[in-house]
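**Q** Sharing the feature lines straight out of TrEMBL:
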- 34-53: transmembrane segment (TRANSMEM)
- 92-110: transmembrane segment (TRANSMEM)
- 143-165: transmembrane segment (TRANSMEM)
- 171-195: transmembrane segment (TRANSMEM)
- 207-229: transmembrane segment (TRANSMEM)
- 249-271: transmembrane segment (TRANSMEM)
- 308-326: transmembrane segment (TRANSMEM)
- 357-382: transmembrane segment (TRANSMEM)
- 403-427: transmembrane segment (TRANSMEM)
- 439-463: transmembrane segment (TRANSMEM)
- 470-496: transmembrane segment (TRANSMEM)
- 516-537: transmembrane segment (TRANSMEM)
Amino acid sequence: MTATAQPATTHPGRTSTTANPAVTLLAVRQVRRAALVVLTLTVGMSTLVATTYTSTVGDGLDTGSLAALARNPAVRTLFGEPVALDTAGGFTAWRTGTVLAVLLSVWGLLATTRITRGEEEAGRWDLLLAGRLTPSGVLGRHLAVLAAALAGTGIALAAALTAAGTPAPGAALHATGLALVGAYAVAAAALAAQVFPTRAGATGGTLALLGVALVARMVGDGVTPLGWLRWLPPYGPLALTRPYQDDRWAPLAVVAVTTVALAGAALALAGRRDVRDGLLRPPAGRPPRRWLLGSVEAFAVRRVLRPLAGWSAGIGAYFLLIGLLADSMTTFLAENSRFADLAAQAGFVGLGTVRGYAASLFALLAVPVGAFAAVRLGAFAAAETGGRLTLLHAGLSGRTRLLAAEAVTTAAGVAVLVTVAAVATWLGAVTVGADLPLAAALAGTWNVVPLALLSLGAAVLALGLGTRAVAALGMLPTAGGFLLQVVADSVAAPGWVGRLSPYAHLAAVPEVAPNWPAAAVMLALAGVALGAGAWGYRRRDLRP
């Protein structure tokens, strides 16, 4: 039999010209919901602070108080240089600027690695890249969508702040700076996605870069001789703009130029590597590493060790700084009661004593520790979607055992992180002679474990329901609860609204005794969520 070659089927009008808009629309669909949430949070937080400035701050900040605040190195290190606090716009930029900059940059990098390298690793770019589109073209379309989302957030923020009564030049400068910080993270993540061999490596490398940049900003603000560190993008130049007072645009040029350079490098390197590979390749021919491969439980431990080390380093460094600033911060707030009152309105009470200061900051520990738990379960869900658990599911180990191993290992990681935070804070306090015993620090950090386990339970429940937003839903009890408490306190909401937050039931340990009934309720709710999630995970179909 003679084979006859058939002419290739052609589709008139289907060219790279028509494919490019389709790729753009695909990227829009992948980020639209998360981008809308980020925009809402950014605009909502800023508008809330600006509109409530008169009722919360009013005329309580005299010249002496402002001078004392500007001179205090602890305040400058933690929150940045105070600028134009006697105006609603300046106070808003100072109070929310760092938080929103971190929010936009972290979302930008996570979204970038997810919709580019994550889609590539899952095999969903194979047919796309086999056609007329080049890797650089596809990457460029995705980066353009993310840049547009951040630009839209900046425009909405500037309009909202102007509508709230703050001067338009300062609002435009502040909003542009935040949008550029997010764009910097997008470009850095895109470059890392070309260099590192996996999505996880690209995400971790970019997070490390942003962490170093944030520490550089904090050191530059707190230590005058090292003020030049504030020129390192992306966070430092944002502080140098001094919105609502000097309105300097020049520092943003550093962020903009660096962002363009990083994005250009990413686009140039996109076509120089193999699909699902990076420019950095693991060494070939190395001896096999069989440690912790003997059981499902051991494998779960193996997978958590590297990310746990990174989270421990970040949390340890931050709380070491908290300990080092304990004496300076408590002395300042004890001498300036007005700022202590403002801190209390933001959810930080008892900052006039070392133990109260530690208790307030330890409450914040629930956010990163809860995020660790949620992200670990999100990685487990991603492994299922990517087919990396298929052989395990086909073996003798049941799904319940796989999930139990992941949950128990993650809970152990939570215990490690809170212990690291306690030891780091204690070491910092001992260094400056602050009165914070190790037992008190351990009591304060372990006090947030029930709340962090509530995040773990929420993530397992989301996994059992089959949703793809495992990490986001897992962070609702911690990050969402803290945001709810701050908003409720800021707008003087009815008491029942604030009590919906788990933080309302979290005792200020070590200043006071733990709230054992509330801790028991949180643990019970976490147990119910874990059980329901395990039941749902065992009964549902595996996600493709």
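Every residue, even glycine, has its Cβ placed from backbone N, Cα and C.
Please treat TrEMBL annotations as automatic predictions, because they have not gone through curation.
For each feature listed, report its degree of burial, its nearest neighbours and the pertinent distances within the displayed model.
**A** Residues 24, 27-28, 31, 35, 38-39, 42-43, 46-47, 50-51, 88-89, 92, 104, 108, 111-112, 115, 171-172, 174-176, 178-179, 182-183, 186-187, 190, 263, 266-267 of the same chain sit 6 or more residues outside the transmembrane segment (143-165) yet have a Cβ under 8 Å from a Cβ within it.
Using a Cβ-Cβ cut-off under 8 Å and counting only residues 6 or more beyond its ends in the same chain, the transmembrane segment (357-382) has close neighbours at 118, 200, 303-304, 307-308, 311, 314-315, 319, 322, 326, 329-330, 333, 343, 347-351, 403, 406-407, 409-411, 413-414, 417-418, 421, 425, 429, 436, 440-441, 444-445, 447-449, 451-456, 458-460, 462-463, 468, 470-475, 477-479, 482, 503, 506, 508-512, 543.
Among residues of the same chain six or more beyond the transmembrane segment (403-427), those with a C-beta under 8 A of the stretch's C-beta atoms are 296-297, 299-301, 303-304, 308, 311-312, 315-320, 322-323, 326, 358, 361-362, 365, 368-369, 372-373, 376-377, 380, 436-438, 441-442, 444-446, 448-449, 452-453, 456, 460, 463, 530, 533-534, 537.
Panel annotation: around the transmembrane segment (439-463), residues 355, 358-359, 362-363, 365-366, 369-374, 376-378, 380-381, 403, 407, 410-411, 414-415, 418-419, 421-423, 425-426, 429, 469-471, 473-478, 481, 502-503, 506-507, 509-510, 514, 518-519, 522-523, 525-530, 532-534, 536-537 of the same chain, lying at least six beyond its termini, place a Cβ under 8 Å from a Cβ of the stretch.
Sequence-remote contacts of a segment are chain residues at least 6 beyond its ends whose Cβ falls under 8 Å from one of its Cβ atoms, and for the transmembrane segment (470-496) they are 34, 41, 48-49, 52, 56, 345-347, 363-364, 366-367, 369-371, 373-375, 377-378, 380-381, 451-452, 454-456, 458-459, 461-463, 502-504.
Within the chain carrying the transmembrane segment (516-537), a Cβ under 8 angstroms from the stretch's Cβ atoms is held by residues 399-400, 403-404, 407, 447, 450-451, 453-454, 456-466, 502, 505-507, all 6 or more beyond its ends.
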**Q** Are the transmembrane segment (171-195) and the transmembrane segment (249-271) near each other by the rule of at least 3 C-beta pairs under 8 angstroms (pairs 6 or more apart)?
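**A** They are in contact.
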**Q** Output the single range from 92-110, 171-195, 207-229 maximising the number of Cβ pairs under 8 Å to the transmembrane segment (308-326).
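**A** By Cβ pairs under 8 Å, 207-229 leads among 92-110, 171-195, 207-229.
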**Q** Against the transmembrane segment (92-110), which of these stretches has the most C-beta pairs under 8 Å: 34-53, 171-195, 207-229?
**A** 171-195
